[in-house]
Structure formats: structure tokens, C-alpha cells
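Report on one structure; see the data block that follows.
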């Protein structure tokens, strides 16, 4: 629910094919890689990384605020005892000198009748759909949603707001309308048309966001697109799958694409009924040795990096000889010529991360930036977040009916 601009939300930008492919009953949407956190010369884009981390923290702070609003204070305290969402600190962002590399998983959707098309970010770490409104005077360079031109649009009560990495906010009105993504059409889908944008968003390649998390963290307080699709019976299965790679990437809606993975999917149930794709019983491994156990992991396509509490991340890098910390970019480093083998396990297979994915580039000398960083998720210290640094190494499936996340080896 935040504008996906330049924060540690570094998920390589993708553009959806205009011609989705139907197979195995679902819809396969081809994705194309657009960029990375590493400069072409192999050095680390630290400025953008700092901003991205701040945005990621802001997004998950707002997710907890939404969760408490949607499920009530008593249930929220059962999940997060002692947490006062009114005191959760907003993270101030920084201005960026280069915003052309905003890195997201983006693709084309349509809203309304007749269809109005938008390029949006697909994000499993948030749960709302929003696009620029035709009444937004600052929405330069982005297509704008005009509800008066849609015969299926209805104005709804309430308002919507989003927060940007530079600390500014935008708000908009709430509507329901017909929404189509990859050939899957949902009617009466709740969405917002924002009426103002910060300068950060005006240069973002994505003109909106489609959240793919679960209902209880929706700021709109209504089902996100895929949950609506399941309830309306317009998808053959209550599952969507991601393959995120340097080539052949896709989002598969209404099932999984068996051509893209080998063996069976290893599913793990959601650890808490908190709206996140958060699974438990995990452990992190470094060069084959367990460094953290009994961890819970949020699987978030809206960021490239992996994040955790300070104590967990400190302990992790403490096991890497020659590791350090770069104060300027607030990033952990390791010797470039001794990249570690990082893996995760949830009681089944051990899933390795390619060292090229973990290495975000040279910071200085023989120091390279690691993809695991400290992120204040306002969660217990055993909660980690895994973005596409991990997801690029597995086929990932998200099941609404099973309330589970599954992994399989890439074909």
C-alpha cells in the first residue's frame, strides 16, 4: 500500500506480457527483468538500498496498524501482546538522486468498463489495489483512473492513504469496479484512486500497486484482488505462483505452472492469522550450519532483500569471517572473494540461495554488501522477511484455501 519507489523494496522490476498464456487451468503472465540493486559495474547502489529499507519498514508498520483496525484490539493483542500501534515509529526517508532504477515486479491490469489499463506493482507484502485518480494534478507520467468513464464504477464510503519513502503521504477516494489481471476478471473489487503523489512516485515506473497478501492487513478493509477472485469462483484453484529469475519469469494466477518446477511443492502453513504470508518452524543456515532456528518468515515479493531483527542479523554475520558493517549505508558486508552459502529450511528440503543473489555488489575494496540486513518489522525478534533474494531460487506458491506457502525446485 505504499508507492513502490526507491526503498529496500528492491525487487527487480518486471513488465507483464500483454498476452497471458493459459495452461494447466490457470493464467501464466510472462515477466521481464528490468534492473537490480547493483550498478552495471558491479558496485552496490547504497543510496537506493538505504531508501528501500526505510520504505519496507514503513510498509510493515502500516500493515500492523491495518491489522489492528480490521480484527480489533483484543485479537491484535493476542497476536502481538503489548504492541501499541499508535507508538510505532514512522521511518523518515531520504531523497534520491537517481530514481530511474525503481525496482519492482510490475505488470498490466485493467480497471473499469470499458477497460482502463495500468502498470502496477504485484506485492505479496500488502493487500490493497490503488492507482492514480483522474483528479490527481501531480500524477505526472502515469495513467489515471477516471471512474466517471466506467459504467461499473461505484463510489464507496471511506478514504485511503499511502506513505512514501521520503515521509510524505497521499490519499484518495474509495471505489468498487471491475478489475482484470492476466485474463482473470473480478467484479465489485475495492480499490482507491489517489489524488496526490509525492515527487518520489512521479518517477516510479509503476503507476499503482496490486497487493497479494491477505484481507486482514488491507487498509481498505476489504478482500484484495486474488481473494476476491477465489470467492467469486473465477480461478480454477485458490493458488498463485511466482517464478522470479533473470529470464522466463512469470506470475501464474489460479494454480501453479508445473513446467517451471520439478518435483512436488513443499507447503508450510501460515504461522499466524495475521494477514501476512508468514510461515514458521524455519531455520537459517550458513555454509551448511544452522545459525538461527525456530524462526518465522514473511515471504514478500515487494522487496529484494532479506531482513530481520538486529540481534538475529548480528549473530548471522558474526559467523562469517571478515564480515563488517558499513556505517554510511547501514549495510553488512562480507569478503567479496568468500561469498557465503546461505540457505533456509522449514523441516523439509534445504533451499540454497545463489551467492550472486546474496551479493548485492562491491561497497569498497574487498567488501561486498549482503542481502540480509536489519529491518525493523515491529515484530518479535524471531520474525524474518524474505524477498526475491530468496524467491529467485525457488518456485513459490501462495494458497488461499490452505493458508500456506509452498516451495519447489526450479525446473
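Please read every residue number as a count from 1 along the shown chain.
Glycine is no exception: its Cβ is also placed from the backbone N, Cα and C atoms.
Unlike curated entries, TrEMBL annotations are predicted automatically.
The signal peptide feature in TrEMBL is assigned to 1-18.
Per TrEMBL, domain 'Peptidase A1' is recorded for 105-408.
What TrEMBL lists as active site is 123 (among others). Other Cβ atoms within 10 Å of the Cβ of residue 123 (active site) number 28 in total over all chains.
Look at TrEMBL and you will find 140-162 tagged as region 'Disordered'. Proximity of distant same-chain residues to the region 'Disordered' (140-162), defined by a Cβ-Cβ separation under 8 Å and at least 6 residues beyond the stretch ends, is recorded for 1-3, 111-114, 116-119, 128, 130-134, 169-178, 187-188, 190-194, 197, 202-203, 207-208, 219-221.
Taken from TrEMBL, the feature compositional bias 'Low complexity' applies to 148-161.
Annotation comment: TrEMBL describes 300 (among others) as active site. For residue 300 (active site), the same-chain residues 6+ apart in sequence whose C-beta sits under 8 angstroms from its C-beta are 123, 124, 125, 277, 385, 386, 387.
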